[in-house]
Amino acid sequence: GLKEPVQPQVSCRYRCNETFSRMASGCSCDDKCTERQACCSDYEDTCVLPTQSWSCSKLRCGEKRIANVLCSCSEDCLEKKDCCTDYKTICKGETSWLKDKCASSGATQCPAGFEQSPLILFSMDGFRAGYLENWDSLMPNINKLKTCGTHAKYMRAVYPTKTFVNHYTIATGLYPESHGIIDNNIYDVNLNLNFSLSSSTARNPAWWGGQPIWHTATYQGLKAATYFWPGSEVKINGSYPTIFKNYDKSIPFEARVTEVLKWLDLPKAKRPDFFTLYIEEPDTTGHKYGPVSGEIIKALQMADRTLGMLMEGLKQRNLHNCVNLILLADHGMEEISCDRLEYMANYFDNVDFFMYEGPAPRIRSKNVPKDFYTFDSEGIVKNLTCRKPKQYFKAYLSKDLPKRLHYANNIRIDKVNLMVDQQWMAVRDKKFTRCKGGTHGYDNEFKSMQAIFLAHGPGFNEKNEVTSFENIEVYNLMCDLLKLKPAPNDGTHGSLNHLLKNPFYTPSPAKEQSSPLSCPFGPVPSPDVSGCKCSSITELEKVNQRLNLNNQAKTESEAHNLPYGRPQVLQNHSKYCLLHQAKYISAYSQDILMPLWSSYTIYRSTSTSVPPSASDCLRLDVRIPAAQSQTCSNYQPDLTITPGFLYPPNFNSSNFEQYDALITSNIVPMFKGFTRLWNYFHTTLIPKYARERDGLNVISGPIFDYNYDGHFDSYDTIKQHVSNTKIPIPTHYFVVLTSCENQINTPLNCLGPLKVLSFILPHRPDNSESCADTSPENLWVEERIQIHTARVRDVELLTGLNFYSGLKQPLPETLQLKTFLPIFVNPVN
């Protein structure tokens, strides 16, 4: 018979990289065809593009296996586990993850071999929460995750809001002062070494404290794989994650996702349970172009496509409703300008020190280690305080920084710190040029520093928005998802239980360590050597008798003044007794000769008139033995210390009632300068807040934190700091204001959630922090207390008290209240 004529080849389909043959007719598809100008017209699309593309196309479906492709679209790719992530969608007609409805809240949908849901922690560097608010419609994958899963309005970074600092806090649940990575550039006098991101010293385990989540997992029998994370390539505590990658920013995001998916394909015996994934965007673009730019939108879309690729890859493995995924950022991004720089050269004739410049500056001696301890930090702060009518930074000694920052208790934190205004930077001199585009590092209360937090998977509640929280809480959350026991950390375990479908950990209430003693009503001591006098009291016996409450009156006082339970004392061997008055209750400490706390409730209508007769009137509390009482002679006129009141005597409804507060058990030692702030706060601001919130419960008291570690000092430590008076001087005073979130209800008849405002006010001799030594209080007090806002949890750690012990709600709800931080910062327009 006749042979069919050989048809000349016209396409490269199924022919890529074939061996060149001179006998073949038509066009070629071998790798040298371009040199001979003999390629088929579809050679580029069929044979070259697949080596550069991470996705399938109709043309690629069913392709013959090609060497060097990034991913495959051949018929056997599922079996070979090298398909592009969109293979099933493009080549098999399945719907994509993005087009699917949100998963139903059925049981965990895991394929065979996955008894426990893997956890992926995915960080998009510098993804500020505002980006998602403004441009969510341009990021369909992230928006779907937000819609279907759990997300927070924002997640608060720790200070300074830098990359390494926050990534390592997320991994350990520790504040920077606890884990040691206190900035991207650090000097440690004990090691006599400098740390920077680019130097090899960053790999020295001596810098890295705490236990990162990848170790917690491996120590408890799980496997952990990290595709980049600060600290993951350091031999911390003698070991690495099970699998880790050395940082290389040139690796494409798609290659990172593909590798994580390959790890999920490993046989069960080798497969990790915990994964990290990190991409540099939108941070890199934010630095270059600033947070409001067309370029940032492109970077966000690139980040969104990276998440989409991960989710499609998970769906292809039927893991999209099996894996728990946390998508978060380390910090936000702020716009900067070379017109907004504060130069140290404008404050010093000779800038003779070393300065870490930028949005979170620190200053130390340049001659280290020699002058490290003798450097005049106080002098520098003084020289930078109240120098100009308008300064765009405030200088602090680290021990005086707002306690909410937890940024003092580490030798690596230099003593001089500048808190810089939004969009400004503080630098040495005009040589500084890195002032265009965007940066981060500022106060973590600034809106521009807020980060995203989204979570999705069978462990999380669906379609759930939660209030903001701090990133120190994420470590405990990850431990719960992996069913691990966390290492000690700064988070409050259980405070994020409302994110989880079936919380793994149930917090238990704190146990009181010291119960109150009794302080019985007794006769007036004779002779009275207290040095106290009060000429306006004519009927002393009658006035004192008011302090002798019967049991029914005590119960009524407790219902009124302690609506959420009595603060419990978690310090050991604390000797104190409860003192009941009609309008306030206090816990008087025989160790420090002042109340540990005082609690009272004021209403919208509480009168705050100051009775003229009582301005200089004080007497001994007859319930306290003279030896355990403060005396008026402790306060000599030449001392800078004066008696201040915890419960204000002017919150009274009758002339007689004021005398209940004019007693030595209600006084605390205060610097005269501080009483200006304290008195204005109590006579003006607290009544104002009570009007706005339909009443307030107020608990206030002293704090002793001489070693500035953020935890209460022992009595031995306190005693070392008592000089020229037997009364110890507090380092701070706290005020916790609680009201009903539903403002139709007073604090006493509140059935729903509570609202809290708490403050930790540094007790300092002057008001230079506000440059207010001559200004009237209405111009500066409220702004100052707002800088020193804090969580109730911070107050608890600094006092050894436990608040809200009488609340009937589940404990995790109370922990949410205790970890809430009120924020007053106004965004820059």
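Including glycine, each Cβ sits where the backbone N, Cα and C put it.
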Can you find which of His151, His406, His440 Swiss-Prot lists as binding divalent metal cation 1 at the same site as Asp283, His287?
His440
Among Thr85, Thr89, Thr163, Thr374, indicate the single residue that Swiss-Prot lists for the divalent metal cation 2 site containing Asp125, Asp330, His331.
Thr163
Taking Cys632 as one end of a disulfide recorded in Swiss-Prot, give the other end from among Cys532, Cys534, Cys577.
Cys532
Between Cys435, Cys479, Cys577, work out which one Swiss-Prot annotates as bonded to Cys519 by a disulfide.
Cys577
What does DSSP say about Cys740 (disulfide bond): helix, strand or coil?
strand
Can you work out which residues elsewhere in the same chain, 6+ from the ends of the domain 'SMB 2' (52-96), have a Cβ less than 8 Å from its Cβ atoms?
13-17, 42, 45-46, 254-255, 257-258, 261-262, 265, 309-310, 312-313, 315-316
Surrounding CB atoms that lie within 10 Å of the CB of Cys33 (disulfide bond), all protein chains:
18
Other residues, Cβ within 8 Å of Asp283, His287, His440 Cβ centroid (divalent metal cation 1 site):
Asp125, Gly126, Thr163, Thr284, Gly286, His331, Met333, Gly438, Thr439
Report the member of Cys27, Cys84, Cys91, Cys435, Cys617 (the disulfide-bonded residues) whose C-beta atom has the most other C-beta atoms within 10 angstroms.
Cys84
Applying the rule Cβ within 8 Å of the centroid of the Cβ atoms of Asp125, Thr163, Asp330, His331, what extra residues of the same chain belong around the divalent metal cation 2 site?
Ser123, Gly126, Ala157, Thr161, Lys162, Asn166, His167, Asp283, Ala329, His440, Ala451
DSSP three-state assignment for Cys47 (disulfide bond):
helix
